[in-house]
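See structure below.
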Amino acid sequence: MTRYIFVTGGVVSSLGKGIASASLAAILEARGLKVTMLKLDPYINVDPGTMSPFQHGEVFVTHDGAETDLDLGHYERFIRTTMTQNNNFTTGRVYEHVLRKERRGDYLGATIQVIPHITDEIKRRIIKGAGDADVALVEIGGTVGDIESQPFLEAIRQLRFEVGARRAMLMHLTLVPYIATAGETKTKPTQHSVKELRSIGLQPDVLVCRSDHPIDVSSRRKIAQFTNVEERAVIALEDADTIYKIPGILHSQGLDDFVVERFGLQCGGADLSEWDKVVDAKLNPEHEVTIAMVGKYMELLDAYKSLIEAMSHAGITNRTKVNLRYIDSEDIENQGTGLLEGVDAILVPGGFGLRGVEGKITAVQFARENKVPYLGICLGMQVAVIEFARNVLGWKDANSTEFDRTSAHAVVGLITEWEDATGAVETRTESSDLGGTMRLGAQECQLEAGSLVHDCYTKDVIVERHRHRYEVNNNLLPQLIEAGLKISGRSGDGALVEVVEAPDHPWFVACQFHPEFTSTPRDGHPLFSGFVKAALAQHQKNS
């Protein structure tokens, strides 16, 4: 019988509901409970797949191929449960489903309304997403008071009433600001945020109070009195020097004990030793490297959230401080490769569109010719193939049909047919919709024995997640191979190029998949770990 913890946020956005929720989930998992998490997004887009990275940040891809909110990445990094398409849904997805049922006549002529039809669909999806977990944490996006969030808040109010207080509770994150001129933290914004919640029938059971200063006992007592929340359930969550400290901070204040007692759960104590090791390795590195990350969305680093975290995990695995030097690929186009001088390795991540592509190609050339360790991901692999074709094969017009459909040497082109994770055949054309039409989700990849990538994984077959609609053109592959390009990974059916390596280079690996989506702080990821090891070797060589 699943218990539900609904998580809301107030006062301001970006308080870290996802991190706080995932940290609590990690503690409950460490106590032996089966835990899952859901993210409910109030925007009207069906999913974030076509949203600008500058507005939404990263699109996290699940094992089963859903394009989801970046918070699902936090969830998978903190708990062992693999997220699916059922763990994230939007207002747009809910309305799309309800309207489709209305068109079919499923409602038998009833007037379709927010209550009960939309709220019932939200509740149905929450219950389905929770599955058979002992505890499901359900995060509602946005801030209490937003018009967009109202159907979700009403739905959780109803569900909380239907399952009862022993199976549902509400955790509310608020901001307790520090006023420097007064020299104290202020509780009034939290009081008003809870007042807003209570006006719609929701009484929080737990308050997590975010602040950049310590919150004293008297302030916590005052918050408890004015919000009708138990004092021990008013949790102070001050800014930490690493997010992986948060499970320990919440546990030290007894949040998991409160949840377990409230739900009447039978479980053991929390063993957070794995998290202690992560924090120790993160804060006490023995080495240091500088890696250039060349992308086009550098104004909003959340666009690369999982990748940045994966590099941090690789640093933890190697007890190495990884300094990422963020370089806009357009700056390389305008200022040259001097921006890359002195780095220990170069990373080119995925992306879409023509802007900044030539800068990425220049970065690849710099890495290949100067023997600097290189890791290319998704588009980072495609530009590696383009660069090789231009500067080794001599095809100066080599390109991708994404950027130039008239190129005589289109070494990268649209995938028109492939098998998805279930074995079903997918087909696409240039006129297909952008939303939900890419090669998505987990796919098998066969690795070439003796290759750099095989040395990293130490496996013949791996499974990694994809999000792309362009691939290496097999028609021109023989010439690329003859010129020395190494194909060290292919799709399970052998039809698509998945990994390439450059000849006569200490460490040059480019992959079509997104390994960052499966990296975790406790386990790291073999490819990123190998990349950081190569950067360490380069650093020692340059020292």
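In case you wondered, yes, glycine gets a Cβ from its N, Cα and C as well.
Note that the structure is predicted; figures quoted are calculated from it, not measured.
What Swiss-Prot says about this protein:
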- C378: active site, nucleophile (ACT_SITE)
- H514: active site (ACT_SITE)
- E516: active site (ACT_SITE)
- S13, D146, I147, E148, K186, T187, K188, P189, T190, Q191, K222: CTP binding site (BINDING)
- S13, K186, T187, K188, P189, T190, Q191, K222: UTP binding site (BINDING)
- S14, L15, G16, K17, G18, I19, D71: ATP binding site (BINDING)
- D71, E139: Mg(2+) binding site (BINDING)
- G351, L379, G380, M381, Q382, E402, R469: L-glutamine binding site (BINDING)
- 290-541: domain 'Glutamine amidotransferase type-1' (DOMAIN)
- 1-265: region 'Amidoligase domain' (REGION)
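Distribution of Swiss-Prot features across the structure.
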residue	record	CB count, 10 Å
S13	CTP binding site	12
L15	ATP binding site	19
K17	ATP binding site	26
D71	ATP binding site	25
T190	CTP binding site	29
G351	L-glutamine binding site	22
G380	L-glutamine binding site	25
M381	L-glutamine binding site	28
R469	L-glutamine binding site	20
H514	active site	22
Annotated L-glutamine contacts G351, L379, G380, M381, Q382, E402, R469, maximal Cα-Cα distance (Å, integer): 14
Pairwise CA distance, S13 (CTP binding site) versus E139 (Mg(2+) binding site), rounded so that it is a whole Å: 13
The one of I19, I147, C378 whose CB sees the fewest other CB atoms within 10 Å, among these recorded positions: I147
Nearest of the recorded positions (E139, M381, H514) to S14 (ATP binding site) - Cα to Cα: E139
Rounded Cα-Cα span from K188 (CTP binding site) to H514 (active site), Å: 44
Local backbone state of I147 (CTP binding site), from DSSP in three classes: helix
Cβ packing number for K222 (CTP binding site), 10 Å threshold: 17
For the ATP site built from S14, L15, G16, K17, G18, I19, D71, further residues of that chain with CB within 8 A of the site's CB center: G9, A20, S21, H74, E139, L173
Spatial neighbour of T187 (UTP binding site) that is closest, considering only the recorded positions G16, K222, G351, R469, E516 and their CA atoms: K222
For the L-glutamine site built from G351, L379, G380, M381, Q382, E402, R469, further residues of that chain with CB within 8 A of the site's CB center: G350, F352, C378, V383, S400, V412, H468, Y470
Those binding-site residues listed as G16, G18, P189, and which of them has the most Cβ atoms within 10 Å of its own Cβ: G18
Pairwise Cα distance for G18 (ATP binding site)/L379 (L-glutamine binding site) [Å, integer]: 28
